[in-house]
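Asks: First the structure, then my questions, so here it is.
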Amino acid sequence: MSEIGDTVYLTVLIIISVLSLIGCTVLLIDYLQQRKNANLATKLLAILSISDAIYVIAVVTNPTPQNDGAFCVIQALFKQSSSLSTFIVNFFFCLTTFLTIVKNIDMADDNYEKYKRNAKIFSILFPLVIAIIPLTYNGYGKQYYACSLKSQNAFWIGELILFYFPFGFLFGASIVFLLKIQNFLKEIQQNKLDYDDYRINRRTLMTQNSQITAGEQYTQFLFFYTLVHFFCWLPIIVSSILDIILQEELLWFEGTSYILACSQGFFDMLLFMISKRVSSKQQVYERNNSFLTADPIDIYRGSAVYNSSL
């Protein structure tokens, strides 16, 4: 790529990276403010923010690697680990919501406490273990804009197993869980009390309406998070596939894909701020209509999720 092209890329990358790091900082500050009482969702979001920040720093510190030396390998290792952590955290967001709303798990059960602990450990350690594997077969190497998994010759098999497969499986599973949650909420919506029951049980029906609405809002934001993560990482996948098929690097596309991947922290912050504002409005509405929580009914199983109690 020309010198002007490299300059434009570096300028845009730095701007996006700064915005993304600001977003990560905002999310981490929110976590630290409620660290003692932080729920699983907040802790996963903190892990996601740290992963975003690590990825951004890894890319920015060595944007045009010159060789396959130790610094290049370190950059690739951190990139691989942080990207996998993003996929896994997104998966656990959706899985936990599915278990809480649809499967009605007992959040006070010891098994759920073990699940929360394992989810946090898995989100941190598993990506690191996977990222170490390429070191055993010299699987990291220099690309034009950053060091990453090698895709030349037979090395693409390692990239397929260690990056493409986790990406497809985890995001595919996340979408499946979200669709099941939506179907569950729709079934409850369709099986609400009829008109005669409404006159007798208005309070119960209002409770259902409130909690269904909150559940739909929560699921909608999970969809947004999943889509943002998917489209931030999809160009990286497409770029690697094109490199393998065409046997040449599309530098402009590769540069754009790294910029999008580095912007994830900024988009996460925007979604977090919007969802927090919506949640605050919902809580104000329920406080002003305190009778909404009078009757414990089946849909209440999800209220713990909607009130960020995961």
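Backbone N, Cα and C define each Cβ position, glycine as well.
Bear in mind that TrEMBL entries carry predicted annotations, made automatically and left uncurated.
TrEMBL lists these features:
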type	residues	note
TRANSMEM	12-32	transmembrane segment
DOMAIN	23-272	domain 'G-protein coupled receptors family 1 profile'
TRANSMEM	44-61	transmembrane segment
TRANSMEM	81-101	transmembrane segment
TRANSMEM	121-140	transmembrane segment
TRANSMEM	160-179	transmembrane segment
TRANSMEM	222-246	transmembrane segment
TRANSMEM	258-275	transmembrane segment
Asks: Compare 81-101, 121-140, 160-179, 222-246, 258-275 by their Cβ pairs under 8 Å to the transmembrane segment (12-32) and return the stretch that comes out on top.
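Replies: It is 258-275, which has the most Cβ pairs under 8 Å.
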Asks: For the domain 'G-protein coupled receptors family 1 profile' (23-272), what's the model's average pLDDT?
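Replies: Taking every residue in the domain 'G-protein coupled receptors family 1 profile' (23-272) and averaging pLDDT yields 84.
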